[in-house]
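Presented below is the structure to which this report refers.
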């Protein structure tokens, strides 16, 4: 009961609805600005003026091509940067571009002109209409699978996107907890508040309440940004003229993701809670960097996620330190038996229980040290419950 009172207090302490709504509003404004930027850029940018010495004129959006006589090429060159932006001269199998200086728009234009000139050369060849169509048309590719249909393969791609979004919001939840743990534990330690409260509750109850409260806030953050990501994906799909995406998640997929999400957040916050108690001053302690280790564990899943059925991903999906990120991605990307992800979840749960006890011992060791930090040997001894 005491744990939940502390957890509710911590959750309400960090939950500020006005700031949450303001952050969401700013995020939506930024997203709408990024979505509208191509149109805004198109209105602002002027068409680049290109003088062409040749028979044919390209047709490329954002550029104004004008044919000029060959004997005026020297005059156009002298007027570059004033009346003209570029001089294009076509020869047999060759393009010659003359500009005032190197620019980013010229680098983008060059491959487009190459493709245009290639089409001009192909069109000039004595080819029949059928031969011309063969050159212009890519061959059709028929892909079939022995274990799944094309619809199932498309559903697998959508589920893989869900797995990648899962990793992204999991990382977001970790960094949301990162700063809060310093406030909830290290800040109170510096003010010597915890020493007085530990006369009323046990260290285990106090740190468990902290972990649960901050974890609830992290889950709230994950759900918020997850919903926003889903709405953004749906909005982009509708704007592109496509139907709204229907993500084919079954009950097992949802239970798997929820289970690993909750236990993963608890594991991350359990580690952060115990270690922040050993830090005396976050601004000057070199141990702060150690708290970023969980982000490296999540990053290791990003590294191998291209091969979800590979040996490395299978190992990571069973290790408790990485399974909370690796196993859901495997489930979304390939066929994983229910007993496999359930066994990994049970193993992760057992590890979280052990970690919570170890974290409580480290917390009790470091929280009463004011003005100094426990030695690494003392921390290791507390983790494994050894006396020194």
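Using N, Cα and C of the backbone, Cβ positions are placed for all residues, glycine too.
Keep in mind that TrEMBL annotations are predicted by a computer and have not been checked by a curator.
Among the features that TrEMBL reports, transmembrane segment is placed at 21-40 (among others).
Taken from TrEMBL, the feature domain 'ABC-2 type transporter transmembrane' applies to 118-353.
Annotation source TrEMBL lists transmembrane segment at 161-185 (among others).
Beyond the transmembrane segment (211-233), the same-chain residues lying 6 or more positions past its ends with a Cβ under 8 Å from any Cβ of the stretch are 3-4, 6-11, 13-15, 20, 24, 27-28, 31, 161, 165, 168-170, 172-174, 176-177, 180-181, 184, 245, 261-262, 265-266, 268-270, 273, 356, 359. The feature transmembrane segment is assigned by TrEMBL to 211-233 (among others).
The transmembrane segment annotation in TrEMBL covers 254-277 (among others).
Look at TrEMBL and you will find 289-308 (among others) tagged as transmembrane segment.
Taking Cβ pairs closer than 8 Å, the transmembrane segment (338-355) reaches residues 252, 256, 259-260, 263-264, 266-267, 270-271, 317-318, 320-321, 323-324, 327, 330-331 in its own chain, all 6 or more past its ends. Taken from TrEMBL, the feature transmembrane segment applies to 338-355 (among others).
Long-range contacts of the transmembrane segment (289-308) within the same chain, counting only residues at least 6 positions beyond its ends with a Cβ under 8 Å from a Cβ of the stretch, are 160, 163-164, 167, 170-171, 174-175, 178, 268, 271-272, 275-276, 316, 321-322, 325-326, 329-330, 333-334.
Packing against the transmembrane segment (161-185) from elsewhere in the chain are residues 10, 13-14, 194, 207, 210, 213-215, 217-219, 221-222, 225-226, 229-230, 233, 247, 249, 257, 261, 264-265, 268-269, 272-273, 276-277, 279, 282, 291, 294-295, 298, 301-302, 305, 324-325, 328-329, 331-333, 363, 367: each is 6 or more residues past its ends and has a CB under 8 Å from a CB in it.
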